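Features reported for this protein in TrEMBL:
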type: TRANSMEM; residues: 29-50; note: transmembrane segment
type: TRANSMEM; residues: 62-89; note: transmembrane segment
type: TRANSMEM; residues: 110-134; note: transmembrane segment
type: TRANSMEM; residues: 154-175; note: transmembrane segment
type: TRANSMEM; residues: 187-208; note: transmembrane segment
type: TRANSMEM; residues: 234-253; note: transmembrane segment
type: TRANSMEM; residues: 260-284; note: transmembrane segment
type: TRANSMEM; residues: 290-311; note: transmembrane segment
Amino acid sequence: MASALETLCGQAFGAKQSHMLGIYLQRSWIVVLSCTILLLPLFIFTSPLLRLLGQDESIASMAGVAGAMGSMVLAFWIPIFGQFGFLIFGGCPDTWKGFSMSAFHDLWPVIKLSLSSGAMVCLEVWYNAVLVLLTGYMKNAEVEIDALSICININGWALMISLGFLAAAGVRVANELGAGSAKAVKFSILVVVSESLSIGIVFFVLFLEFRNSLAYVFTENQEVAMAVADLSPLLAFSIILNSIQPVLSGVAVGSGWQSLVAYVNVASYYLIGVPLGVVLGYVIGYQVKGIWIGMIVGTAVQTIVLIFITWRTDWHKQVNQAQARVNRWLLPTSEERIGGREAA
């Protein structure tokens, strides 16, 4: 949900309205913290919910091990405290003007954009979770889940680079839209997609070359390692797709298309990818390989649709929409308010 800030802050910064970044941040805190409180019961009762869904006891019980997530929670909170301190104690004087009651004004547009952003991101994250859940019902579930989890982790390593390009694409597109430069938007998209795809091709070759030894970084179990080697060609193709798709998602975030991409994700992932994976995995008998093929097809459909949308977009129209959004939610700076009172 916080990715709504990438749209709002990026476009406001591009429009030289730096003081609005702190206001948008506070509005996002209000929205996201409220949603976090509502979601707490889901995380507290994860293990019982998995048992209710029929998952294997040994798999469901691991979801309730508090220490398993402890290091990740700590890793998240340490930079949060550092960033908060940097912000509060003068690290961003142009964008942070202190806490303001203005954060409670015009919340509804921020809520709508935050919900669209949350839906867009969650539909992507849940896609992998659904695939693991489906794999848990297979005959040799522990080996299949181990192999799939290793492949997803490797894919996640490569994806970290693409996520960097996602952030870069979102920032550049939002900045240039706010600044009113459609030509710079198109050039930025071309550069970021080309760079990310080039790196993806390198990883594609590397993972195919080392597929027989890659799994031993994670496990000593030969059966699991063989299953990972069997999935590696599919993993390599996933990495190619994931070098393009996140960048296009970044373009969408910078442009404020989160709700549109959420619909694309529903159609490509849950109406095409998951059903196809179920058919290939369970009906035809490809097991975890069938699940992964379904995932690739869903991601491929999503990528093709996003390429088409980006290619057909009238960026001059997007510039006008971005500037209208910035002007609609604009609060005057302290200098402008003082000048207005003096003129009166």
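Glycine residues also receive a Cβ, built from the backbone N, Cα and C atoms like all the rest.
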Cβ contacts under 8 Å made by the transmembrane segment (290-311) with residues that lie 6+ beyond its boundaries: 127-128, 131, 134-135, 148, 151, 189, 231, 234-235, 237-238, 241-242, 244-245, 248-249, 251-252, 257, 260-261, 264-265, 267-269, 272-282, 284
Same-chain residues at least 6 beyond the ends of the transmembrane segment (234-253) whose Cβ lies under 8 Å from its Cβ atoms: 3, 6-7, 117, 120, 124, 151, 154-155, 158-159, 161-163, 165-170, 173-174, 189, 192-193, 196-197, 199-201, 203-204, 207-208, 211, 260-261, 289, 292-293, 295-296, 299-300, 302-303, 306-307, 309-310
Residues from the same chain, set at least six apart from the ends of the transmembrane segment (187-208), whose C-beta lies under 8 A from its own: 154, 158, 161-162, 165, 168-169, 172-173, 176, 214, 232-233, 235-237, 239-240, 242-244, 246-248, 250-251, 310
Residues from the same chain, set at least six apart from the ends of the transmembrane segment (154-175), whose C-beta lies under 8 A from its own: 3, 6-7, 9-11, 13-14, 184-185, 188-189, 192-193, 195-196, 199-200, 203, 207, 214, 235, 238-239, 242-243, 245-251, 253-255, 322
Same-chain residues at least 6 beyond the ends of the transmembrane segment (260-284) whose Cβ lies under 8 Å from its Cβ atoms: 116, 119-120, 123-124, 127, 130-131, 134-135, 138, 249, 252, 290-295, 297-299, 301-302, 305-306, 309
For the transmembrane segment (110-134), sequence-distant contacts whose Cβ falls under 8 Å of one of its Cβ atoms, 6 or more beyond its ends: 1-4, 7-8, 24, 27-28, 31-32, 35, 53, 55, 145, 148-149, 152, 249, 252-253, 256, 258-259, 261-262, 265-266, 269-270, 273-274, 277-278, 281, 291-292, 294-295, 298
